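So the structure is just underneath, and the comments pick up after that.
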């Protein structure tokens, strides 16, 4: 037996079994551990190249059309038809820009970055995450509140592209065709319309830093994120074909809109000329100059040419969110309990109770999940270890298990 082992050699590098850590035996061949590791790296690189080529070889006829994109969004997000239409068209045109051939006519289709304005809990982030499910390009979500100017505590602007590179498995060509969603863009508005003598490191300074990304330029990106340092190897990324979608709540911007329209937001008598204005939903009248009044610099606004808004969710919309989408809250909890062999059901009056509380405390759609989580916590803790295999969650159960103080502390 020892003699046979001495005669076994790696079919790739020729090393004998006695000089390697591990020898894997096939039908008519052997491979040592070192060659197996190298082969694994080759396979990974080949698969990544294939994935990149598959993306680069997108065909016009294979592209999802705007109506198809919106239908997909409809299956996950309730309402917000206007925002869905804008987003669907922008994503479709982004694909077409990627497929654009060099023409002799010199016409180059410019990208149309988007900014979405809407109250907290109306679905801005959910729209972005949902559309990522059907994309064939890398997609990254970034929180603008963590960004600061270079040299200050926080994340550099370039860290946005680090996230995109990570989503693309560090395939630069793929990342350069990706989509970036910047959430809470309103939090980097400058603190006032007038320049301040104090440094606004997380406001106007960050906006200035974002300009080079939005307008399209080659940016040196630290591969692992964090602060740049002289010895770190940078990855150059061309942002000309990266689509940026920005979103924010812009709390208080309704007053800016009302001032421009010379009307009041709500609660007062308006002049005859303003009777046609819907003062309970002023966001539908938002214009770029309102963003400037709020604190976005004109250069940023100019590079976000598509402006759309999200409607406040009414009671019916919140009620539908509980049950209608593919990943509705109730469906998620039914699945969670089913994994423990427990059948859970929610009564209509319980769902109405949850919606009423979300409206009462102005929690929006995001608050629905928090309320249900609080109500279901005791059952999720005890039932997996118990013998009871059914649970009917009605209004009485919800009232008994909802701790409002804990809920509001979490918001």
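From the backbone N, Cα and C atoms, a Cβ is placed for every residue, glycine too.
Listed in Swiss-Prot for this protein:
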DOMAIN    1-51  domain 'ClpX-type ZB'
BINDING   10, 13, 32, 35  Zn(2+) binding site
BINDING   119, 120, 121, 122, 123, 124, 125, 126  ATP binding site
For residue 122 (ATP binding site), name the DSSP secondary structure in the helix/strand/coil scheme.
coil
May I ask which of the binding-site residues 119, 120, 122, 124 is closest to residue 32 (Zn(2+) binding site) if we compare their C-alpha atoms?
124
Between 13, 32, 126, which of the binding-site residues has the fewest other CB atoms within 10 angstroms in the structure shown?
13
Its Cβ having more other Cβ atoms within 10 Å than any other among the binding-site residues 119, 121, 123, the winner is 123
For residue 121 (ATP binding site), identify the closest of the binding-site residues 10, 13, 35, judging by Cα separation.
35
Residue 13 (Zn(2+) binding site) to residue 124 (ATP binding site) - Cα separation in whole Å
55
Check the binding-site residues 120, 122, 125 for other C-beta atoms within 10 angstroms of each C-beta and report the one with the most.
122
Using a 10 Å cut-off on Cβ-Cβ distances across all protein chains shown, tell me which of the binding-site residues (10, 35, 124) has the largest neighbour count.
124
Check residue 32 (Zn(2+) binding site) against DSSP and tell me helix, strand or coil, would you?
strand
Give the mean pLDDT for the domain 'ClpX-type ZB' (1-51) on the 0 to 100 scale.
81
Rounded to a whole number of Å, the separation of the Cα atoms of residue 35 (Zn(2+) binding site) and residue 126 (ATP binding site) comes to 45
Around the ATP site formed by 119, 120, 121, 122, 123, 124, 125, 126, list the extra residues of the same chain whose Cβ is within 8 Å of the site's Cβ centroid.
118, 249, 310, 364, 365, 366
The rounded CA-CA distance in Å from residue 126 (ATP binding site) to residue 10 (Zn(2+) binding site) is 52
